[in-house]
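Novice: As annotated by TrEMBL, domain 'DYW' applies to 519-611. What TrEMBL lists as repeat 'PPR' is 171-201, 202-236, 304-338, 339-374.
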């Protein structure tokens with residue numbers, strides 16, 4: 001074997017994240033005088049990209065005496081491999097400005113870069129498509145398959161289908177990309193139809209369908225398809241589909257099914273896979289089993305930013321602020337750079353503990369130390385921190401001066417804080433502003449009505465009700481889901497058709513009577529209807545979470561935690577009721593509502609009564 005062949009084979013076998021090895025081989029190539037020996041320069045570019053050394057790849061490229069299409073494609077591929085799509089597109093502008101005509105390899109790399117940038121860069125993607133269409137390579141099926149994938153990631157399946165239908169020789173990649181495009185856009189019927197038609201019903205096609213369904217919020221359908229895949233005997237040789245199914249369990253808070261998936265992952269030998277472990281940390285945290293989430297986290301031999309962020313956010317969401325902040329210190333000491341999601345969790349944790357100075361410092365560090373541009377979510381978390389802690393004027397100043405436009409929930413959160421802290425004057429001012437926005441959420445109208453009623457502004461109360469009718473605002477039906485292992489039940493507000501209706505209502509009445517003995521008085525302020533007090537109390541009595549808890553008390557194994565997922569926010573009265581029920585029955589009740597996680601135990605809640 002020649003020296004050139006030996007060094008080239010070494011470059012080809014360099015593993016990812018081995019920058020020192022690449023540079024060592026590069027030094028040997030220079031010493032041997034082979035730095036211009038084809039195909040070594042292009043392979044070296046690829047190796048630098050694989051190891052994330054984009055700037056080294058660019059420096060090598062600039063030193064090439066001849067820059068052929070393969071060299072350009074290798075450089076762009078290096079950027080994509082290093083997850084630097086912005087750099088790839090900036091390099092491509094130099095390429096096009098120089099009058100260079102891209103070939104099919106370069107086009108494939110450019111399309112890949114646009115795909116990695118996501119839907120915010122649709123314009124660039126379409127421009128590349130037009131240039132490809134007008135080029136001599138417009139019939140290249142590989143580039144077309146990449147375009148189908150790009151449009152799938154952009155959420156434009158119809159554009160992708162037009163390209164898909166123009167491909168002369170459809171392969172597995174084309175079919176998989178198109179199935180994914182329909183599934184992730186929520187177009188289930190078309191995704192299923194195409195999946196049934198494909199001649200490539202392999203693991204990758206199944207993964208595309210299942211992952212797409214999970215991403216579009218169709219978790220139950222994804223789980224059914226996974227069961228069908230297992231029945232078909234498809235061998236799981238790649239764990240990506242498993243992480244998608246675990247993600248579905250996370251979104252739906254299916255704790256028992258998540259545990260079963262954990263067993264399957266162990267049986268298949270993928271428990272040491274980093275992104276699978278990350279998925280389980282997230283799943284257990286979202287299913288309110290923080291003990292299991294922490295066990296998996298600390299047992300991981302390697303932890304990346306997703307690992308640390310998942311456990312930090314999980315701890316913050318469950319009201320364990322000091323734990324979340326301690327984990328962040330450990331993350332920094334481990335040399336792992338936090339991302340924007342990490343800071344969302346940290347500032348959220350500070351708001352639970354009233355750590356205003358710490359929250360300000362973290363927000364400042366995010367911008368100054370890590371160069372992260374704050375999003376609306378970051379400002380909302382900071383606003384929540386100020387509001388919870390009674391710094392209402394600072395919160396109002398923030399919401400009026402922040403560079404991103406506050407949305408309806410952000411104004412409503414500030415208004416709720418004003419009401420909570422009894423600042424009627426500011427509450428009325430914020431309410432007037434929110435009312436002028438003509439909100440769409442029914443919860444905003446309830447809040448507005450209560451604020452105006454508390455200030456004795458009955459004309460405004462009437463105005464809110466009229467506007468609600470004009471805007472045709474309808475309250476989303478409330479429902480609560482309880483997971484009991486082999487079975488899960490969904491209860492809707494006012495449920496009347498359940499087979500155990502009599503037993504459930506009987507227990508709710510018993511609990512209601514006991515609570516009243518302990519001084520409970522229903523809070524009907526969340527009921528926005530013209531009806532008498534008795535009828536308002538009856539509406540509260542039929543709220544879905546009370547029915548779900550009663551069913552859990554009747555059916556769950558004695559002493560076990562009752563886990564409930566609710567589609568709306570828990571109202572103030574139900575929050576009080578669940579605290580009392582946890583005391584009366586000596587049971588822990590976990591509720592994941594549309595905004596927060598609530599751990600009810602011994603008459604207390606992890607949210608500290610602010611949600």
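A Cβ is built for glycine as well, from the same backbone N, Cα and C atoms used for every other residue.
Unlike curated records, TrEMBL annotations are generated automatically.
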Novice: For the repeat 'PPR' (339-374), find every same-chain residue at least 6 residues outside the stretch whose CB is under 8 Å from a CB in it, and list them.
Specialist: 305, 308-309, 312-313, 315-317, 319-322, 324-325, 328, 331, 381-382, 384-386, 388-389, 391, 402, 404, 607-608
Novice: Six or more residues out from either end of the repeat 'PPR' (304-338), which same-chain residues have a Cβ under 8 Å from its Cβ atoms?
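Specialist: 274-275, 277-278, 281-282, 284-286, 288, 290, 293-294, 297, 344-346, 348-350, 352-353, 355, 358, 366, 370, 596-597, 599, 606-608.
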Novice: For the repeat 'PPR' (202-236), what does DSSP give as the number of helix, strand and coil residues?
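Specialist: Within the repeat 'PPR' (202-236) the tally stands at 26 helix, 0 strand, 9 coil.
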Novice: On the DSSP side of things, how many residues of the repeat 'PPR' (339-374) fall into helix, strand and coil, could you say?
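Specialist: Helix (H, G, I), strand (E, B), coil: 27 helix, 0 strand, 9 coil.
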